[in-house]
Amino acid sequence: MTGHPQTDLGLYKPPQTVRGMTELDRAAFSQTVSVPAIRIPTQVLNKVVKGLKKVALQRPGLKRVVEDHSEDGNTYSSKGEHRLLLLDPNNITYADSFGSEEAEALKAYGVPQEIHKYQLKLTYENLKSEEILRAVLPEGQDVTSGFSRVGHIAHMNLRDHQLPYRKLIGQVIIDKNPGITCVVNKTNTIDSTYRNFQMEVLAGESNMVAKVRENGVLYEFDFSLVYWNPRLSTEHERIVSLLQRGDTVVDVFAGVGPFAIPAARRGCEVLANDLNPESFRWLQHNAKLNKVDRKITSFNMDGRDFIRGPVQERLPALMKGSHKIHVVMNLPALALEFLDAFRGLLGPEPDQSLSCLDDNLPQVHCYGFSKEDDTQRDVVERAEASLKISLQGQCSVHLVRNVAPNKEMMCVSFTLPRGVLYSTHTQNRDISEEPCPKKQKCEDLTD
């Protein structure tokens with residue numbers, strides 16, 4: 001999305017008249033610049049161009065090989081015996097600028113190392129997003145043209161100093177990125193309740209229903225009403241890779257299904273929940289779209305109510321099975337606090353002699369944001385505070401991504417302790433001090 005400023009700015013010096021422009025005038029960006037060129041006989045043109053590709057001028061929509069014109073505009077040879085190869089002025093300024101590799105290529109085909117000057121007209125079409133925005137915005141200001149792509153939608157997070165230029169920025173993004181037909185800017189922080197945010201359409205159509213393919217799965221949803229983050233693709237894939245056919249996945253904050261649907265496609269039974277009615281609707285839609293609606297039971301509930309209702313009802317039977325149970329809690333702003341819903345979830349512990357039969361304890365993958373210096377320690381301590389039990393030596397922590405300066409998204413994974421699930425256990429004790437009765441027999445039964 002961003003160019004190479006040191007190269008681009010050396011070639012393109014925009015007219016001062018575009019500085020401060022808020023309505024895009026494409027014609028105003030046209031400039032004629034002098035660039036170095038080398039004269040090559042037509043019969044060896046392709047071979048020499050290949051040898052000089054590292055120093056050739058590369059611009060969007062620009063021909064590198066042009067007619068050989070004299071300074072007055074006349075063609076040197078009516079037979080077209082020569083062509084000019086335009087060179088990057090940051091690499092080549094005079095005849096001795098060529099490296100040994102290029103010099104050898106020229107010598108091999110008898111091409112003189114003589115630099116010509118070519119008057120090149122650069123138009124808006126030949127410029128990159130960053131060049132245009134750097135020319136327009138106040139000098140010295142950040143002009144990052146990066147965005148998240150969600151189907152045909154480009155989602156930007158503009159800073160305050162960029163807002164007066166937001167309509168122009170939106171149009172530039174559409175012009176320079178094929179397939180983008182709508183540009184939006186987030187106008188508030190994500191609502192932790194429904195995980196959506198207010199947005200303003202900067203340019204293009206107002207169609208918010210996006211079609212996205214992630215890890216081979218197709219999703220459709222209204223981007224203005226649900227949560228979707230294209231930067232979580234790798235994390236979705238990581239968790240799904242842990243699953244085996246026949247496992248059960250409990251997705252507490254399922255969104256439109258980026259964990260639930262790939263899990264169902266992998267042969268898992270899925271209980272998927274989301275409080276946002278729009279997310280719930282698109283989750284069901286995507287389950288049908290991917291032909292896994294029979295593998296997914298969906299709910300539209302608060303996360304705690306979901307855990308203390310449908311999950312509580314099904315968990316005892318699932319724990320007596322041999323397939324693993326995975327609980328995914330991807331609501332990083334709040335999920336660690338929701339872990340308290342598991343405390344005493346299954347009531348008094350059953351007869352100790354039967355305990356090995358339900359030793360198939362759920363594996364939890366819980367997400368959280370952290371701004372602390374020691375992010376791993378922070379998320380583990382917060383999980384322990386909710387569970388009222390120690391996880392020391394009993395969990396793993398994975399860095400998902402950097403969200404902002406000094407803010408990380410983390411995933412803490414652990415086996416849900418018996419001391420949490422059953423109300424008869426004494427809380428606040430280390431789970432390493434809590435051996436499983438007849439552990440060896442339990443392992444024999446589950447192998």
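The backbone N, Cα and C atoms fix where each Cβ goes, and this holds for glycine too.
Features reported for this protein in TrEMBL:
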DOMAIN    147-418  domain 'SAM-dependent methyltransferase TRM5/TYW2-type'
BINDING   His236, Asp274, Leu275, Asp302, Gly303, Asn330  S-adenosyl-L-methionine binding site
REGION    426-447  region 'Disordered'
COMPBIAS  427-447  compositional bias 'Basic and acidic residues'
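Locations of recorded TrEMBL features on the structure.
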residue	record	Cβ contacts under 8 Å, 6 or more apart
His236	S-adenosyl-L-methionine binding site	Glu214, Asn215, Pro258, Phe259, Pro262
Asp274	S-adenosyl-L-methionine binding site	Phe253, Ala254, Gly255, Phe280, Leu283, Phe299, Asn300
Asp302	S-adenosyl-L-methionine binding site	Leu275
Gly303	S-adenosyl-L-methionine binding site	Val252, Phe253, Asn273, Leu275, Met329, Leu331, Ala335, Phe338, Ala341
Asn330	S-adenosyl-L-methionine binding site	Asp251, Phe253, Gly255, Phe259, His365, Tyr367
Maximum Cα-Cα separation (Å), residues His236, Asp274, Leu275, Asp302, Gly303, Asn330 listed as binding S-adenosyl-L-methionine: 22
Neighbouring C-beta atoms (10 Å sphere around the C-beta of Leu275 (S-adenosyl-L-methionine binding site)): 20
